[in-house]
Amino acid sequence: MLVVKKTPYIKGILSAPPSKSYTHRAVICASLANGLSNLKNPLNGADCLSSAHACEMFGAEIGLGNEKWIVMGSELKTPDNIVDIGNSGTTLRILTGISSQISNGYTVLTGDDSIRKRPMQPLLDALKQLGLICFSTKNNGTAPIVVKSGKISSNVVEIRGDMSSQFITSLMMTLPFSEDDSEIILTTPLKSEPYLNITIDVLDKFGVKIGKIEEKNKSGYKIKGNQTYKPCDYTIEGDYSSASYLVAAGVLLNSDIVIKNVFKDSKQGDREIIEIVKKMGADVEINDDNVKITGPYELNGIEIDVTDIPDLVPTIAVLGCFAKGKTVVYNGEHVRLKECDRLAACTAELSKMGARIEEKKDGLIITGVHKLNGAKLKTYHDHRLVMAFTIAGMLADGETIIEGEDSVKISFPDFVDKMKSIGSNIKVI
(Lines of atoms letter the chains of each structure in order from A and count residues from 1; the text may use other names and numbers.)
(Lines give C-alpha, C1' and ligand atoms only; values in the text may rest on other atoms or scores of the structure.)
Protein backbone atom coordinates (compact mmCIF):
# COMPACT_ATOMS: atom_id res chain seq x y z
CA MET A 1 0.00 0.00 0.00
CA LEU A 2 0.97 3.60 -0.56
CA VAL A 3 0.49 6.17 2.20
CA VAL A 4 0.15 9.73 0.90
CA LYS A 5 -0.02 12.89 3.01
CA LYS A 6 -0.51 16.53 2.17
CA THR A 7 2.56 17.90 0.43
CA PRO A 8 3.27 21.63 0.79
CA TYR A 9 5.90 22.06 -1.93
CA ILE A 10 7.62 20.15 -4.72
CA LYS A 11 10.82 21.17 -6.45
CA GLY A 12 13.33 19.49 -8.74
CA ILE A 13 14.28 18.21 -12.17
CA LEU A 14 13.09 14.77 -13.23
CA SER A 15 12.69 12.79 -16.43
CA ALA A 16 9.50 11.27 -17.72
CA PRO A 17 9.88 7.50 -18.08
CA PRO A 18 10.30 6.06 -21.58
CA SER A 19 7.14 5.58 -23.60
CA LYS A 20 5.35 2.29 -23.03
CA SER A 21 3.59 2.49 -26.40
CA TYR A 22 6.81 3.08 -28.33
CA THR A 23 8.75 0.40 -26.42
CA HIS A 24 6.12 -2.29 -27.12
CA ARG A 25 6.08 -1.57 -30.83
CA ALA A 26 9.83 -1.16 -31.17
CA VAL A 27 10.77 -4.45 -29.51
CA ILE A 28 8.19 -6.38 -31.56
CA CYS A 29 9.30 -4.74 -34.83
CA ALA A 30 12.96 -5.40 -33.99
CA SER A 31 12.14 -9.05 -33.28
CA LEU A 32 10.52 -9.36 -36.72
CA ALA A 33 13.55 -7.82 -38.46
CA ASN A 34 16.24 -10.23 -39.59
CA GLY A 35 19.32 -8.73 -37.95
CA LEU A 36 20.55 -6.64 -35.03
CA SER A 37 18.63 -3.67 -33.61
CA ASN A 38 19.63 -1.46 -30.69
CA LEU A 39 16.73 0.02 -28.72
CA LYS A 40 17.94 2.93 -26.61
CA ASN A 41 16.06 4.25 -23.56
CA PRO A 42 13.47 1.42 -23.42
CA LEU A 43 10.87 1.22 -20.67
CA ASN A 44 11.89 -1.58 -18.32
CA GLY A 45 8.32 -1.92 -17.08
CA ALA A 46 6.37 -5.12 -16.58
CA ASP A 47 4.22 -4.80 -19.71
CA CYS A 48 7.12 -4.04 -22.05
CA LEU A 49 9.15 -6.85 -20.53
CA SER A 50 6.18 -9.11 -21.29
CA SER A 51 6.50 -8.12 -24.95
CA ALA A 52 10.25 -8.79 -24.89
CA HIS A 53 9.90 -12.21 -23.27
CA ALA A 54 7.08 -13.16 -25.64
CA CYS A 55 9.21 -12.15 -28.63
CA GLU A 56 11.96 -14.43 -27.35
CA MET A 57 9.47 -17.30 -27.46
CA PHE A 58 8.91 -16.50 -31.15
CA GLY A 59 12.65 -16.76 -31.86
CA ALA A 60 14.20 -13.38 -31.12
CA GLU A 61 17.34 -13.09 -29.00
CA ILE A 62 17.10 -10.09 -26.68
CA GLY A 63 19.68 -8.66 -24.30
CA LEU A 64 17.85 -6.55 -21.72
CA GLY A 65 19.75 -3.66 -20.13
CA ASN A 66 18.61 -0.66 -18.13
CA GLU A 67 19.46 1.82 -20.88
CA LYS A 68 19.52 -0.35 -24.00
CA TRP A 69 17.95 -3.52 -25.36
CA ILE A 70 19.88 -5.42 -28.01
CA VAL A 71 17.54 -7.40 -30.25
CA MET A 72 18.59 -10.04 -32.78
CA GLY A 73 15.50 -10.63 -34.87
CA SER A 74 14.79 -13.68 -36.98
CA GLU A 75 12.04 -15.51 -38.81
CA LEU A 76 9.10 -16.37 -36.59
CA LYS A 77 9.27 -19.76 -34.94
CA THR A 78 6.53 -21.73 -33.21
CA PRO A 79 6.64 -21.12 -29.43
CA ASP A 80 7.48 -24.28 -27.50
CA ASN A 81 5.07 -23.38 -24.69
CA ILE A 82 2.02 -21.26 -23.91
CA VAL A 83 2.83 -17.56 -24.28
CA ASP A 84 1.90 -15.89 -20.97
CA ILE A 85 1.87 -12.12 -21.44
CA GLY A 86 1.05 -11.26 -17.81
CA ASN A 87 -1.05 -8.08 -17.63
CA SER A 88 -0.14 -6.62 -21.02
CA GLY A 89 -3.13 -6.13 -23.29
CA THR A 90 -0.94 -4.52 -25.93
CA THR A 91 1.28 -7.61 -26.09
CA LEU A 92 -1.70 -9.95 -26.31
CA ARG A 93 -3.40 -8.05 -29.10
CA ILE A 94 -0.38 -7.36 -31.29
CA LEU A 95 0.99 -10.89 -30.99
CA THR A 96 -2.38 -12.51 -31.65
CA GLY A 97 -2.12 -11.20 -35.20
CA ILE A 98 1.63 -11.73 -35.57
CA SER A 99 1.44 -15.33 -34.31
CA SER A 100 -0.65 -16.30 -37.34
CA GLN A 101 2.50 -15.91 -39.42
CA ILE A 102 4.62 -18.60 -37.77
CA SER A 103 5.71 -21.27 -40.27
CA ASN A 104 3.58 -24.07 -38.82
CA GLY A 105 1.61 -25.17 -35.80
CA TYR A 106 -0.37 -23.25 -33.22
CA THR A 107 0.23 -20.49 -30.68
CA VAL A 108 -1.63 -20.23 -27.37
CA LEU A 109 -1.64 -16.80 -25.72
CA THR A 110 -2.92 -16.06 -22.24
CA GLY A 111 -2.37 -13.72 -19.30
CA ASP A 112 -3.41 -12.92 -15.77
CA ASP A 113 -6.95 -12.71 -14.38
CA SER A 114 -7.46 -9.18 -15.67
CA ILE A 115 -6.21 -9.99 -19.18
CA ARG A 116 -8.49 -13.02 -19.40
CA LYS A 117 -11.47 -10.66 -19.09
CA ARG A 118 -10.43 -8.14 -21.75
CA PRO A 119 -12.31 -8.26 -25.07
CA MET A 120 -10.61 -9.88 -28.05
CA GLN A 121 -13.54 -10.84 -30.30
CA PRO A 122 -13.30 -7.84 -32.68
CA LEU A 123 -9.69 -8.79 -33.46
CA LEU A 124 -10.50 -12.49 -33.81
CA ASP A 125 -13.32 -11.64 -36.21
CA ALA A 126 -10.99 -9.42 -38.24
CA LEU A 127 -8.33 -12.12 -38.51
CA LYS A 128 -10.97 -14.62 -39.63
CA GLN A 129 -11.91 -12.21 -42.44
CA LEU A 130 -8.31 -12.58 -43.60
CA GLY A 131 -8.73 -16.35 -43.82
CA LEU A 132 -6.90 -17.08 -40.57
CA ILE A 133 -7.98 -19.53 -37.87
CA CYS A 134 -8.09 -18.22 -34.30
CA PHE A 135 -10.45 -18.61 -31.37
CA SER A 136 -11.02 -18.17 -27.66
CA THR A 137 -10.70 -21.43 -25.72
CA LYS A 138 -13.74 -20.37 -23.67
CA ASN A 139 -15.65 -19.36 -26.81
CA ASN A 140 -16.41 -15.98 -25.22
CA GLY A 141 -13.97 -13.70 -27.01
CA THR A 142 -11.39 -13.59 -24.22
CA ALA A 143 -8.00 -15.21 -23.58
CA PRO A 144 -6.68 -17.86 -23.68
CA ILE A 145 -6.48 -17.40 -27.45
CA VAL A 146 -5.42 -20.10 -29.92
CA VAL A 147 -4.00 -19.02 -33.29
CA LYS A 148 -3.13 -21.39 -36.14
CA SER A 149 -0.35 -20.59 -38.59
CA GLY A 150 -1.82 -19.65 -41.93
CA LYS A 151 -1.58 -17.68 -45.12
CA ILE A 152 -3.47 -14.40 -45.41
CA SER A 153 -6.01 -15.08 -48.16
CA SER A 154 -8.08 -11.89 -48.29
CA ASN A 155 -6.88 -8.38 -48.98
CA VAL A 156 -9.66 -6.41 -47.25
CA VAL A 157 -10.58 -6.46 -43.56
CA GLU A 158 -13.32 -4.44 -41.89
CA ILE A 159 -13.15 -3.48 -38.21
CA ARG A 160 -14.74 -0.98 -35.86
CA GLY A 161 -12.64 2.08 -35.14
CA ASP A 162 -14.19 2.86 -31.76
CA MET A 163 -13.27 -0.21 -29.71
CA SER A 164 -9.50 -0.47 -29.23
CA SER A 165 -6.78 0.91 -31.45
CA GLN A 166 -4.68 -2.09 -30.39
CA PHE A 167 -6.80 -4.31 -32.65
CA ILE A 168 -5.92 -2.11 -35.62
CA THR A 169 -2.26 -1.95 -34.61
CA SER A 170 -2.21 -5.76 -34.62
CA LEU A 171 -3.56 -5.79 -38.19
CA MET A 172 -1.09 -3.12 -39.30
CA MET A 173 1.83 -5.16 -38.00
CA THR A 174 0.52 -8.46 -39.45
CA LEU A 175 -0.62 -7.48 -42.95
CA PRO A 176 2.88 -6.64 -44.29
CA PHE A 177 3.38 -10.44 -44.32
CA SER A 178 0.60 -10.82 -46.91
CA GLU A 179 1.61 -11.57 -50.49
CA ASP A 180 -0.93 -9.00 -51.70
CA ASP A 181 -1.66 -5.38 -50.90
CA SER A 182 -4.26 -5.01 -48.15
CA GLU A 183 -6.79 -2.53 -46.83
CA ILE A 184 -8.10 -2.03 -43.30
CA ILE A 185 -11.55 -0.44 -43.60
CA LEU A 186 -13.01 1.27 -40.53
CA THR A 187 -16.74 0.73 -40.06
CA THR A 188 -17.14 3.40 -37.35
CA PRO A 189 -15.39 6.69 -36.58
CA LEU A 190 -11.89 6.19 -35.25
CA LYS A 191 -10.97 6.69 -31.60
CA SER A 192 -7.45 6.78 -30.12
CA GLU A 193 -5.96 7.68 -33.52
CA PRO A 194 -2.68 8.96 -31.99
CA TYR A 195 -1.82 5.41 -30.94
CA LEU A 196 -2.11 4.35 -34.58
CA ASN A 197 0.10 7.26 -35.59
CA ILE A 198 2.69 5.90 -33.15
CA THR A 199 2.37 2.47 -34.77
CA ILE A 200 2.83 3.95 -38.25
CA ASP A 201 5.83 5.97 -37.04
CA VAL A 202 7.60 2.96 -35.50
CA LEU A 203 6.82 0.70 -38.47
CA ASP A 204 8.30 3.32 -40.79
CA LYS A 205 11.57 3.31 -38.84
CA PHE A 206 11.72 -0.48 -39.27
CA GLY A 207 11.10 -0.31 -43.02
CA VAL A 208 7.35 -0.98 -43.18
CA LYS A 209 5.08 1.59 -44.85
CA ILE A 210 1.42 2.19 -43.98
CA GLY A 211 -0.80 4.58 -45.96
CA LYS A 212 -4.07 6.23 -45.02
CA ILE A 213 -7.37 5.90 -46.89
CA GLU A 214 -9.33 9.14 -46.67
CA GLU A 215 -12.16 9.00 -49.19
CA LYS A 216 -15.70 10.36 -49.01
CA ASN A 217 -17.31 7.03 -48.15
CA LYS A 218 -14.28 5.03 -47.02
CA SER A 219 -11.61 5.51 -44.38
CA GLY A 220 -8.87 3.26 -43.10
CA TYR A 221 -5.36 2.17 -43.97
CA LYS A 222 -3.56 0.54 -46.90
CA ILE A 223 -0.61 -1.79 -46.54
CA LYS A 224 1.69 -3.01 -49.29
CA GLY A 225 2.22 -6.77 -49.38
CA ASN A 226 5.53 -8.62 -49.12
CA GLN A 227 7.11 -5.96 -46.95
CA THR A 228 10.11 -6.87 -44.83
CA TYR A 229 10.92 -5.59 -41.36
CA LYS A 230 14.45 -4.14 -41.30
CA PRO A 231 16.68 -3.80 -38.23
CA CYS A 232 17.66 -0.35 -37.00
CA ASP A 233 18.96 1.65 -34.05
CA TYR A 234 16.02 3.34 -32.35
CA THR A 235 15.74 5.75 -29.41
CA ILE A 236 12.49 5.70 -27.43
CA GLU A 237 11.09 9.04 -26.28
CA GLY A 238 9.53 9.89 -22.93
CA ASP A 239 5.94 9.00 -22.11
CA TYR A 240 3.37 11.80 -21.95
CA SER A 241 0.80 9.55 -20.24
CA SER A 242 3.17 9.07 -17.32
CA ALA A 243 4.30 12.70 -17.44
CA SER A 244 0.67 13.79 -16.99
CA TYR A 245 0.81 13.00 -13.25
CA LEU A 246 3.91 15.15 -12.88
CA VAL A 247 2.21 17.94 -14.83
CA ALA A 248 -0.90 17.71 -12.63
CA ALA A 249 1.20 17.84 -9.47
CA GLY A 250 3.07 20.85 -10.80
CA VAL A 251 0.01 22.92 -11.67
CA LEU A 252 -1.95 22.05 -8.50
CA LEU A 253 0.81 22.28 -5.88
CA ASN A 254 3.23 25.00 -4.84
CA SER A 255 5.94 23.90 -7.26
CA ASP A 256 9.09 24.57 -9.24
CA ILE A 257 9.74 21.55 -11.45
CA VAL A 258 11.24 20.66 -14.81
CA ILE A 259 10.06 17.50 -16.60
CA LYS A 260 12.65 16.29 -19.09
CA ASN A 261 12.43 13.78 -21.95
CA VAL A 262 9.07 15.05 -23.25
CA PHE A 263 9.13 16.46 -26.76
CA LYS A 264 7.10 19.30 -28.21
CA ASP A 265 6.74 17.56 -31.60
CA SER A 266 5.78 14.13 -30.21
CA LYS A 267 3.15 12.06 -32.03
CA GLN A 268 1.75 10.89 -28.69
CA GLY A 269 -1.86 11.90 -28.24
CA ASP A 270 -1.32 12.38 -24.52
CA ARG A 271 0.89 15.41 -25.19
CA GLU A 272 -2.56 17.05 -25.11
CA ILE A 273 -2.17 17.23 -21.30
CA ILE A 274 -0.13 20.39 -21.87
CA GLU A 275 -2.92 22.04 -23.87
CA ILE A 276 -5.52 20.89 -21.34
CA VAL A 277 -3.83 22.51 -18.34
CA LYS A 278 -3.18 25.65 -20.41
CA LYS A 279 -6.86 25.89 -21.33
CA MET A 280 -7.71 25.44 -17.64
CA GLY A 281 -5.47 28.39 -16.78
CA ALA A 282 -1.96 27.04 -16.09
CA ASP A 283 0.85 29.03 -17.69
CA VAL A 284 3.24 26.11 -18.19
CA GLU A 285 6.33 26.46 -20.37
CA ILE A 286 6.77 23.84 -23.10
CA ASN A 287 10.20 23.63 -24.72
CA ASP A 288 11.63 21.33 -27.39
CA ASP A 289 12.46 18.54 -24.91
CA ASN A 290 11.11 19.59 -21.50
CA VAL A 291 8.27 21.24 -19.61
CA LYS A 292 8.77 23.82 -16.86
CA ILE A 293 6.07 24.43 -14.26
CA THR A 294 5.93 26.94 -11.41
CA GLY A 295 2.65 26.41 -9.61
CA PRO A 296 0.10 26.55 -8.23
CA TYR A 297 -2.37 27.94 -10.74
CA GLU A 298 -6.04 28.73 -10.38
CA LEU A 299 -7.79 26.36 -12.77
CA ASN A 300 -11.16 26.65 -14.45
CA GLY A 301 -13.28 23.72 -15.54
CA ILE A 302 -13.50 23.04 -19.27
CA GLU A 303 -15.05 20.48 -21.61
CA ILE A 304 -12.64 17.80 -22.82
CA ASP A 305 -13.17 15.34 -25.68
CA VAL A 306 -11.21 12.21 -24.71
CA THR A 307 -11.74 10.34 -27.98
CA ASP A 308 -7.99 10.23 -28.59
CA ILE A 309 -6.72 10.51 -25.00
CA PRO A 310 -8.38 7.78 -22.90
CA ASP A 311 -5.33 7.32 -20.66
CA LEU A 312 -5.55 10.94 -19.47
CA VAL A 313 -8.99 10.53 -17.91
CA PRO A 314 -7.79 9.74 -14.34
CA THR A 315 -5.45 12.75 -14.43
CA ILE A 316 -8.22 15.00 -15.78
CA ALA A 317 -10.58 13.77 -13.05
CA VAL A 318 -8.14 14.90 -10.36
CA LEU A 319 -7.53 18.25 -12.06
CA GLY A 320 -11.29 18.78 -12.25
CA CYS A 321 -11.66 18.33 -8.49
CA PHE A 322 -9.58 21.46 -7.93
CA ALA A 323 -10.89 23.58 -10.82
CA LYS A 324 -13.54 26.26 -10.54
CA GLY A 325 -16.87 25.18 -12.00
CA LYS A 326 -17.49 22.02 -13.99
CA THR A 327 -15.04 19.89 -15.93
CA VAL A 328 -16.86 17.73 -18.49
CA VAL A 329 -15.23 14.63 -19.96
CA TYR A 330 -17.04 13.18 -23.00
CA ASN A 331 -16.65 10.65 -25.85
CA GLY A 332 -15.00 8.23 -23.45
CA GLU A 333 -17.00 5.00 -23.78
CA HIS A 334 -13.75 3.17 -24.60
CA VAL A 335 -12.27 4.29 -21.26
CA ARG A 336 -14.38 1.54 -19.70
CA LEU A 337 -12.36 -1.08 -21.63
CA LYS A 338 -8.96 -0.36 -20.08
CA GLU A 339 -7.34 -2.20 -17.14
CA CYS A 340 -10.62 -1.51 -15.40
CA ASP A 341 -13.70 0.63 -16.00
CA ARG A 342 -11.90 3.90 -15.33
CA LEU A 343 -15.03 6.03 -15.47
CA ALA A 344 -16.69 4.00 -12.72
CA ALA A 345 -13.47 3.70 -10.72
CA CYS A 346 -12.68 7.42 -10.75
CA THR A 347 -16.24 8.20 -9.70
CA ALA A 348 -16.32 5.68 -6.86
CA GLU A 349 -12.88 6.31 -5.41
CA LEU A 350 -12.56 10.09 -5.71
CA SER A 351 -16.06 10.41 -4.24
CA LYS A 352 -14.68 8.77 -1.09
CA MET A 353 -12.40 11.80 -0.79
CA GLY A 354 -15.29 14.24 -1.10
CA ALA A 355 -15.16 14.84 -4.84
CA ARG A 356 -18.37 15.70 -6.68
CA ILE A 357 -18.38 13.48 -9.76
CA GLU A 358 -21.30 12.39 -11.91
CA GLU A 359 -20.70 9.35 -14.09
CA LYS A 360 -22.19 9.49 -17.58
CA LYS A 361 -22.37 6.78 -20.24
CA ASP A 362 -19.44 8.28 -22.14
CA GLY A 363 -17.68 10.36 -19.51
CA LEU A 364 -17.70 12.34 -16.29
CA ILE A 365 -18.96 15.65 -14.97
CA ILE A 366 -16.66 16.88 -12.20
CA THR A 367 -17.69 19.86 -10.09
CA GLY A 368 -14.70 21.46 -8.42
CA VAL A 369 -14.68 21.28 -4.63
CA HIS A 370 -11.13 22.63 -4.11
CA LYS A 371 -10.71 20.40 -1.07
CA LEU A 372 -10.42 16.64 -0.69
CA ASN A 373 -10.08 14.50 2.42
CA GLY A 374 -7.82 11.51 2.83
CA ALA A 375 -9.44 8.11 2.33
CA LYS A 376 -8.63 4.48 1.63
CA LEU A 377 -8.77 3.95 -2.12
CA LYS A 378 -8.95 0.90 -4.36
CA THR A 379 -7.14 0.97 -7.70
CA TYR A 380 -8.37 -2.26 -9.33
CA HIS A 381 -4.84 -3.26 -10.40
CA ASP A 382 -4.73 -0.15 -12.62
CA HIS A 383 -1.38 1.68 -12.67
CA ARG A 384 -2.91 4.92 -13.93
CA LEU A 385 -5.35 5.10 -11.03
CA VAL A 386 -2.53 4.62 -8.52
CA MET A 387 -0.61 7.56 -9.94
CA ALA A 388 -3.60 9.88 -10.38
CA PHE A 389 -4.88 9.14 -6.87
CA THR A 390 -1.40 9.81 -5.48
CA ILE A 391 -1.63 13.37 -6.79
CA ALA A 392 -5.08 13.71 -5.20
CA GLY A 393 -3.66 12.45 -1.91
CA MET A 394 -0.85 15.01 -2.00
CA LEU A 395 -3.50 17.75 -1.97
CA ALA A 396 -5.96 16.15 0.47
CA ASP A 397 -6.31 16.82 4.18
CA GLY A 398 -5.28 13.88 6.31
CA GLU A 399 -3.88 10.57 5.13
CA THR A 400 -4.70 8.75 1.90
CA ILE A 401 -4.03 5.02 1.64
CA ILE A 402 -3.82 3.63 -1.89
CA GLU A 403 -4.04 -0.11 -2.45
CA GLY A 404 -2.19 -1.95 -5.21
CA GLU A 405 0.70 0.47 -5.63
CA ASP A 406 2.87 -2.27 -7.16
CA SER A 407 0.95 -1.94 -10.44
CA VAL A 408 2.98 1.18 -11.28
CA LYS A 409 5.75 -1.19 -12.41
CA ILE A 410 3.73 -1.58 -15.61
CA SER A 411 4.48 1.91 -16.93
CA PHE A 412 6.44 3.96 -14.35
CA PRO A 413 8.55 1.58 -12.23
CA ASP A 414 10.30 4.32 -10.23
CA PHE A 415 7.23 6.53 -9.76
CA VAL A 416 7.42 6.54 -5.96
CA ASP A 417 11.15 7.29 -5.88
CA LYS A 418 10.80 10.11 -8.41
CA MET A 419 7.91 11.66 -6.53
CA LYS A 420 9.90 11.48 -3.29
CA SER A 421 12.86 13.13 -5.02
CA ILE A 422 10.85 16.31 -5.59
CA GLY A 423 9.46 16.38 -2.05
CA SER A 424 6.24 14.37 -2.20
CA ASN A 425 5.06 13.12 1.19
CA ILE A 426 4.52 9.49 0.25
CA LYS A 427 5.77 6.11 1.42
CA VAL A 428 5.20 2.43 0.71
CA ILE A 429 4.12 0.24 3.62
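Every residue gets a Cβ built from N, Cα and C, even glycine.
Swiss-Prot lists Lys20, Gly89, Arg118, Gln166, Arg342, Arg384 with the feature phosphoenolpyruvate binding site, giving sequence analysis as the kind of evidence. The 3-phosphoshikimate binding site annotation in Swiss-Prot covers Lys20, Ser21, Arg25, Ser164, Ser165, Gln166, Ser192, Asp311, Lys338 and rests on sequence analysis. Per Swiss-Prot, active site, proton acceptor is recorded for Asp311.
Comment: phosphoenolpyruvate site residues Lys20, Gly89, Arg118, Gln166, Arg342, Arg384; largest CA to CA distance 19 Å, whole number. Applying an 8 A CB threshold to same-chain residues 6+ apart, the list for Lys20 (phosphoenolpyruvate binding site) reads Leu43, Gly45, Asp47, Cys48, Thr90, Asp239, Ser241, Ser242, Ile410, Ser411.
Non-local contacts of Arg384 (phosphoenolpyruvate binding site) by the CB criterion (under 8 A, 6+ apart in sequence, same chain) comprise Ser241, Asp311, Pro314, Thr315, Lys338, Glu339, Arg342, Ser411.
A gap of 9 Å separates the Cα atoms of Ser192 (3-phosphoshikimate binding site) and Gln166 (phosphoenolpyruvate binding site). Of the binding-site residues Arg25, Arg118, Lys338, Arg342, Arg25 has the largest number of other Cβ atoms within 10 Å of its own Cβ. It is Ser165 that, of the binding-site residues Ser165, Gln166, Ser192, has its Cβ surrounded by the most other Cβ atoms within 10 Å. Put simply, Gly89 (phosphoenolpyruvate binding site) is 11 Å from Ser165 (3-phosphoshikimate binding site) when counted between their Cα atoms.
Cβ neighbour count for Gly89 (phosphoenolpyruvate binding site) (all protein chains, 10 Å cutoff from its Cβ): 22.
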